[in-house]
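I have placed the structure first, in the form of structure tokens, so that the comments after it can refer back to it.
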Ligand SMILES: NC(=O)c1ccc[n+]([C@@H]2O[C@H](COP(=O)([O-])OP(=O)(O)OC[C@H]3O[C@@H](n4cnc5c(N)ncnc54)[C@H](O)[C@@H]3O)[C@@H](O)[C@H]2O)c1
């Protein structure tokens, strides 16, 4: 099994449509022990959805915008494990105002960047005390090389996220920790549904993906995350693996 003997921290399980839910499921099927995070009033939802996994994992509270949660994370995780081999960052949020590029306020943009970009660094640093043996940090992006319809300041936040991944790879590489992202095509999740005009992405993928693309199927994306969390990419860091049916490589 790909993840036999490994312990993973998986953020971002909200519903069973969440990309992170499918990573948690595959990870357990591949032999990993999984710990989930959630926060505030979504804790109860995550605890309910977690019952649909092959094994019921513990759910630890983590709001990445709350420094006290980050500061106490390692200590609270120690109730469940002595070490982590991998961490999935599957977190994204932007206030509605951030989906209007010319009108978006700095407050809205700052929130998007704190929760969707800076949090990769915050989460990585918070988990460091449990990763003294090295490991793998994996995050999820939406290809930030382009200006997309409707994505607006979330697109800018994803560009910052991708850059954050490269700097994290630089600083954690000497500790044996790999940092990589999966650039997924559009998938109908709660976060996606909160983007006004999300169906415009679906049209782009319908027209341009040489392999085709199913917006209702998070499994190809989850599989890539699972492999990046395993030992099978031992010399890869600072990388972005596209799981998008090939759209990123097409000129039109
Ligand atoms: N769905 C897509 O089309 C798509 C495509 C490419 C990348 N992604 C990325 O995948 C990741 C997961 O999103 P998803 O599509 O599975 O949606 P989702 O709504 O299921 O997951 C988003 C998660 O972010 C969490 N979150 C939000 N604010 C948080 C905070 N302050 N602290 C901790 N957690 C917080 C939510 O609780 C939720 O679990 C995001 O980074 C998203 O940008 C999604």
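Backbone N, Cα and C define each Cβ position, glycine as well.
Here TrEMBL flags 12, 18, 19, 63, 64, 91, 158, 187, 188, 189, 190, 191 as NAD(+) binding site. According to DSSP, residue 12 (NAD(+) binding site) sits in a coil region rather than a helix or strand. Residue 12 (NAD(+) binding site): 23 other CB atoms within 10 A of its CB, across all protein chains.
The number of other Cβ atoms within 10 Å of the Cβ belonging to residue 94 (substrate binding site), over all protein chains shown, comes to 26. Mapped onto three states, the DSSP output places residue 94 (substrate binding site) in coil. If you look up TrEMBL, you'll see 94 marked as substrate binding site.
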Coarse DSSP state, helix versus strand versus coil, of residue 188 (NAD(+) binding site): coil
Binding-site residues whose CB lies under 6 angstroms from ligand 1, from 94, 158, 188: none
Candidate with sparsest Cβ neighbourhood (10 Å radius) among 158, 188, the listed binding-site residues: 188
Greatest inter-residue Cα distance in Å for the NAD(+)-binding set 12, 18, 19, 63, 64, 91, 158, 187, 188, 189, 190, 191: 23
Cβ contacts of residue 19 (NAD(+) binding site) (under 8 Å, same chain, 6 or more positions away): 12, 90, 140, 184, 187, 189, 218, 221, 222, 225
